[in-house]
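Taking it in order: structure first as structure tokens, then the write-up.
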Amino acid sequence: MKSTELKNIIQGIPKTELHLHLEGSFEPELMFEIAKRNNITLDYDTVESLKKAYKFNNLQEFLDIYYLGAKVLIHEQDFFDLTWAYLTKVHSQNVVHVEVFFDPQTHTERGVSFDVVINGIKKALEKGKEELNISYKLIMSYLRHLSEEEAFKTLEEALPFKDWIDGVGLDSSEVGNPPSKFINVFEASAKHGFKLVAHAGEEGPVEYIWEALDHLKIDRIDHGNRCLDDDTLVQKLIEDNIALTLCPLSNLELKVIQKMEDHNIVEILDRGIMATINSDDPAYFGGYMNENYYETAKVFNLSKDQLLQLAINGFEASWLSPVDKDKHILNVKNYFSALN
Ligand code: HPA
Ligand SMILES: [Zn+2]
């Protein structure tokens, strides 16, 4: 297939995004604009010099820059602008449903209050629903390099906004911060009615995926690349219908894999696991949804059936109602039928 044809097909697929950190969608241009109006000096003089620093050897090197960038977000308007920029971008790529993470502790630790953060995000998400017809879920992520006690504090702060938050997640530095560190706060979060996800098996070992399932009782795994290390786990993922939110360009940029050809997405799909494609931190990893689909499809010469499966998986793995899932999946199937 010619690259323009492949790009056109991907563009037209009605897509979901289930693994996206809003702070990771912070484009340098907007970062400079917000820094300026907040009278904050960035460590870099220009957008170009900042972009040049986006070269990472591992997750931690990325996180260090990602947390620095987030420091310019102070006011509700900043969080609104960040979220709105993401929504308009993915709208242009025919993304119709998003389930996005925010990291409240990255902001509350700096003295920005929880309500400022969530009010800005929520207003943009609502506007996106009204004006762009993008449905959404919001996921509050606990930072795993911090203590469980601090996660509990965040849970308390979130409770007045419980109706706006659909689930909780776990992100940041994985190795050395296993899911088991957060058993109690995940149990408490579940009692409050939040759905549960966690990053596991990105850089960390397959045991972390087991822990996330057995101890945290999550119902979707973020990344989970390492799952193929354990056949028993593969069986469990299939039997329990547990989806993985894979992020191919992220894995490449963070050297989880050395080249795209090394990605195990096709094997994961072939084994019958519900894999989805997502962008993680698109402003840092060189691509949003279309680019993640395209780079994967190009390297593995994905068939239309495989693209169809990935797109359907995105809706199946989402937290949409069964009726909404069916409606979207029918749209996806009709889209692919019309291509042939
Ligand atoms: O890929 C990620 N892994 C862990 N933490 C993160 N925070 C933003 N992106 C990531
Ligand atoms: Zn992530």
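Just so you know, the numbers here start at 1 and follow the chain as drawn.
Even glycines carry a Cβ here, placed using N, Cα and C.
Just one of HIS107, HIS192, HIS199 is listed by TrEMBL for the same Zn(2+) site as HIS19, HIS21, ASP280, and that one is HIS199. Checking the recorded positions (HIS19, HIS21, HIS199, GLU202, ASP281) against HIS223 (site 'Important for catalytic activity') with a 10 Å Cα-Cα cut-off leaves HIS19, HIS199, GLU202.
For ASP281 (substrate binding site), other Cβ atoms within 10 Å of its Cβ number 25. Around HIS21 (Zn(2+) binding site), the same-chain residues six or more apart in sequence whose CB sits under 8 Å from its CB are TYR66, VAL100, PHE101, PHE102, ASP103, SER141, ASP171, ASP280, ASP281, listed in sequence order.
The candidate set comprises the recorded positions GLU202, ASP280. Of these, ASP280 has the most other Cβ atoms within 10 Å. Here HIS199 (Zn(2+) binding site) comes close to ARG144, GLY169, LEU170, ASP171, GLU174, ASP222, HIS223: these same-chain residues lie at least six apart in sequence, with C-beta atoms under 8 angstroms from its C-beta. Least packed by the Cβ count within 10 Å, out of the recorded positions HIS19, HIS223, is HIS223. Apart from HIS19, HIS21, HIS199, ASP280, the residues listed for Zn(2+), the same chain places the Cβ atoms of LEU20, GLY24, PHE101, ASP171, ASP222, HIS223, THR245, CYS247, SER250, ASN278, ASP281 within 8 Å of the centroid of those Cβ atoms.
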